[in-house]
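This report concerns only the one structure given below.
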Amino acid sequence: MAFNITSIKTSSNGAWQGDNPLDFAFPLLIVQTTLILVVSRFLALLLKPLRQPKVIAEIVGGIILGPSAFGRNKEYMHRIFPSWSTPILESVASIGLLFFLFLVGLELDLNSIRRSGRRAFGIALAGISLPFVCGIGVAYVLRQTVDGADKVGYGQFLVFMGVALSITAFPVLARILAELKLLTTQIGETAMAAAAFNDVAAWILLALAVALAGDGDGGGHKSPLISIWVLLSGVGFVIFMMVVIRPAMKWVARRCSPEHDVVDEAYICLTLAGVMVSGFMTDLIGIHSIFGAFVFGLTIPKGGQFAERLMERIEDFVSGLLLPLYFASSGLKTDVAKIKGGKAWGLLALVISTACAGKIVGTFVVAMMFMIPARESLTLGVLMNTKGLVELIVLNIGKEKKVLNDEMFAILVLMALFTTFITTPTVMAIYKPARGVSSHTRRKLRDMSSPQSSKDELRILACLHGPGNVPSLISLIEATRSTKKAQLKLFILHLVELTERSSSIIMVQRVRKNGLPFFNRRRTECHDNITGAFQAYSQLGRVQVRPTTAISTLSTMHEDVCHVAENKKVTMIILPFHKQWRGDDGDESIENMGHGWRGVNQRVLKNAPCSVAVLVDRGFGTKPNDNLAQQVCIIFIGGPDDREALELGGRMAEHPAVKVTVIRFVEKEGLESNGVMLQPSPYKSPENNYSFSTATMKMNRESEKELDEAAMAEFRSRWEGVVYTERAASNIVEAVLVIGRSRDYDLIVVGKGRFPSTTVAELADRQAEHAELGPIGDILASSGHGVVSSVLVVQQHDLEHVDEVTVSKVLQINDNENFQADRSSVPGEISEDIV
């Protein structure tokens, strides 16, 4: 049905007056946007375990919503995505595209391209030229095979096909490299520089293609002088931007620096307007408007506060809302049904294989010529084969200019999806860089107590999620800062989740080296509250503070933490708990960072090369205290973890502003003759059940008791001012909760209890809320118990305790009976007793 676009109204009068909102432009746009965002976000969640970039989910979402899937229902297509709404949706999406290409230009540092030298230039040249030549060959086959392909001018068709096969998506590649921790490695820097060369060449070729294409069918009949004028005007535009606008933007950036106390909102608004004007100018010339936005982004000085503020203003709205509309609109125009028959699917296989072979082989050969090892050369080839954003822009322009028909457009979109999809798993399969960290021996606080270690500095790695962790962390570090012993060296690691944001990628480049976090030896400026707070604390004396940031996906964040601990010879890692309590009531206001951060803590506890402490913060150091001293309670039951907690308590006891109390739970008389048997049950979920060390089978319980007694005797002889009490508790859960609810202590320090005493082993069948904290730590950290004290759960590093297993049941054994253990907990198997 023909539609007069001028008859479309913006908004309706409402359903009560008989109007259907879907017949009006703005309500329909809202419905389309919401549907696209919901579907693309859902697909992104499904593809996250495969570590795919978000662009894949957005394109696939558009394909599902379009004529390939849902769009087969004509009523749905006519109602939700009618043909008259397409220009409106694409216009809104194009605004997002315009500003995103500005961000790409802002992210692309021309100086880094110059520094990369001949190697990156040679790789980029090979990565463009060979696929471009292959694209010309494919174009010839397509013109002979696809119906209607020969109606387009030969020149513009060849250029579009060559660009489509030779392009590398710089923004998508940056995110893939960052997620794989390769962005700041040599291979990552080479790939980024080569992709930057490729991007610049692609825009030049795209400008040429647009100039040649004109209005598609009529492009072949116009004067060749028009294309020449378009190209010359484009060159003049670039020269003007670099000679005139770039110095002007440098002046603006200086005016917006911290040294000048001026409101820079006017400059930011002018810059945003400059993006629009630049896009209009290139559109006026005859080149696509996104080229102007990209060039304008190149004129902005990199690394300054002005560029960071621009990103903060733009990227979330553009990348989160508008850009998905553009990718989805590409999917909506992709009709997979147009690829019919064996011949069409054969053409798809031809295009994919040609694109992959041309890019990978060309890059591989030249990289080998530059003496890059074969595995790294192959990895570079796979990385340079990444398609995505720029590819889709080229294809959409080609369809808009009628250079590509529906069938060729569908084939090339599927090619871009496939090549981008295989990049991450292929790189993970063929390239695993060696981290090259050495093995050190000092791993726990107990090693620091020997006389020969008394002069060595204590090194602590403190991790945090944000400013909310700072007060309690500083209070804890200050409490452990011995005034008698060695100097304390503190490494601060700000844990930040890697996102799709451009600022996240730029921050990765700033704080990582050789793919891992590094500490800058030069004094850094205090750009944030976290760095400023710890640098102010370092002035108190005897504490050296070195802050840095770890930006990574949550699934690999523990690798950064463990690497820093290994590399810096750290004795203890302090982790923030994934929940944080606010206010005086321990259970009323809880800030939950999410299950992903809980997983980070669990993996650090499992893989750490040193002792680990998890801080469950309920306002430690921030609550008003009638006493001048911080009140710290050490709960000691027995085992290596409790001995490490006791050692930490000893360091706290040396601080004049910390009052330490040790409460030791001992077994009642008559219970020593009873043992507790725990049977391994690997079928139980470690999320909801406590795990104990498998080394308990080999450990001598009597020798452990002797070690406990020796540690306690040494502690009491060295720190006479510490309050020491012994309690015999028949109900350990209630006894511990009484301590936590008493409000007598600001901090309670407990061991994780991986080698359980009889008292702790009796809790093995208890349902766990936070199993990674061990039985006692979980009791004190769980919600609903009314505990008001902060809790520090300590795990001592010992290679023998690394492997843990869940248990099935607790069995009491009396000496007076011959007891046959119940073996029925795991059907068909005989469980091995571990305690």
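Just so it is clear, glycine is given a Cβ too, placed from its N, Cα and C backbone atoms.
If you look up TrEMBL, you'll see 24-43 (among others) marked as transmembrane segment. If you look at the transmembrane segment (24-43), the same-chain residues 6 or more away from its ends with a CB under 8 A from one of its CBs are 8-12, 54, 57-58, 60-62, 64-65, 80-82, 85, 88-89, 92, 321, 324-325, 327-328.
Summarising the annotation, TrEMBL assigns domain 'Cation/H+ exchanger transmembrane' to 40-427.
The transmembrane segment feature in TrEMBL is assigned to 55-71 (among others).
Here TrEMBL flags 91-108 (among others) as transmembrane segment. Remote same-chain partners of the transmembrane segment (91-108), defined as residues 6 or more beyond its termini with a Cβ less than 8 Å from a stretch Cβ, comprise 29, 33, 170-171, 174, 196, 199, 272, 275-276, 279, 289-290, 293-300, 302, 307, 310-311, 314-315, 318-319, 321-323, 325-326, 328-329, 389, 393, 502, 505-506.
The transmembrane segment annotation in TrEMBL covers 120-142 (among others). Taking Cβ pairs closer than 8 Å, the transmembrane segment (120-142) reaches residues 113, 149, 157-158, 161-166, 168, 190, 193-198, 201-202, 205, 347, 350-351, 354-355, 357-359, 361-363, 365-367, 369-370, 380-381, 384, 408 in its own chain, all 6 or more past its ends.
Taken from TrEMBL, the feature transmembrane segment covers 154-178 (among others). For the transmembrane segment (154-178), same-chain residues at least 6 beyond its ends with a Cβ under 8 Å from one of its own Cβ atoms are 53, 55, 100, 104, 107-108, 127-129, 131-136, 138-139, 142-143, 188, 191-192, 194-196, 198-199, 202, 205-206, 208-209, 212-214, 219-220, 351, 354-355, 358-359, 383-391, 394-395, 398, 401, 403-404, 412, 415, 420, 423-424, 427, 498, 500, 502, 504-505, 508, 551.
The transmembrane segment annotation in TrEMBL covers 190-214 (among others).
Residues or ranges marked as transmembrane segment by TrEMBL: 226-245 (among others).
If you look up TrEMBL, you'll see 266-296 (among others) marked as transmembrane segment.
The transmembrane segment annotation in TrEMBL covers 344-372 (among others). For the transmembrane segment (344-372), the residues of the chain that approach it from at least six positions outside its boundaries are 118-119, 122-123, 125-127, 129-131, 133-135, 137-138, 141-142, 145-146, 165-166, 168, 190, 194, 338, 378, 380-382, 384-385, 387, 407, 411-412, 414-415, 418-419, judged by C-beta separation under 8 angstroms.
Feature annotation from TrEMBL assigns transmembrane segment to 409-431 (among others). Tertiary proximity for the transmembrane segment (409-431) is limited to same-chain residues at least six positions away from its ends with a CB under 8 Å from its CB atoms, namely 50-53, 55-56, 59-60, 63, 164, 169, 172, 176, 179-180, 182, 187, 330-331, 333-336, 338-339, 344, 347-348, 351-352, 355-356, 375-376, 378-379, 382-383, 385-388, 391-392, 395, 398-399.
The domain 'Cation/H(+) antiporter central' annotation in TrEMBL covers 487-622.
According to TrEMBL, the feature domain 'Cation/H(+) antiporter C-terminal' maps to 632-666 (among others). Across all of the domain 'Cation/H(+) antiporter C-terminal' (632-666), the predicted model scores a mean pLDDT of 89.
The domain 'Cation/H(+) antiporter C-terminal' annotation in TrEMBL covers 703-797 (among others).
Residues of the domain 'Cation/H(+) antiporter C-terminal' (632-666) grouped by DSSP class, helix first, strand second and coil last, total 14 helix, 14 strand, 7 coil. When the domain 'Cation/H(+) antiporter C-terminal' (703-797) is classified with DSSP, helix, strand and coil residues number 41 helix, 17 strand, 37 coil.
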